[in-house]
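Here the structure is laid out as structure tokens; the discussion comes afterwards.
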Amino acid sequence: MKILYLLFAFLFLAFLSEPGNAYKRCHIKGGHCFPKEKICIPPSSDFGKMDCPWRRKCCKKGSGK
């Protein structure tokens with residue numbers, strides 16, 4: 001019975017996180033996953049697909065200074 005409780009807790013925590021937070025490689029670079037059609041205008045950085053889902057790319061907004 002304890003195994004079922006542990007399994008339920010693990011599944012609950014696994015589905016609790018937001019989908020946008022699942023793409024660690026992109027977020028480590030300071031970016032977010034955007035539709036591929038979006039153009040990253042300088043001073044933004046376009047990191048390409050990285051670990052973003054299908055038809056999306058990693059883009060970091062520039063500082064705008």
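Each residue, glycine too, has its Cβ placed from N, Cα and C.
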Cross-link partner of Cys26 (disulfide, per Swiss-Prot) out of Cys40, Cys58: Cys58
Cys33: disulphide-bonded cysteine as recorded in Swiss-Prot, out of Cys40, Cys52: Cys52
From Cys33, Cys40, Cys52, Cys59, the disulfide-bonded residues whose CA lies within 10 Å of that of Cys26 (disulfide bond): Cys33, Cys52, Cys59
Between Cys59 (disulfide bond) and Cys33 (disulfide bond): CA-CA distance (Å): 6
Euclidean distance between Cα atoms of Cys58 (disulfide bond) and Cys40 (disulfide bond), Å: 9
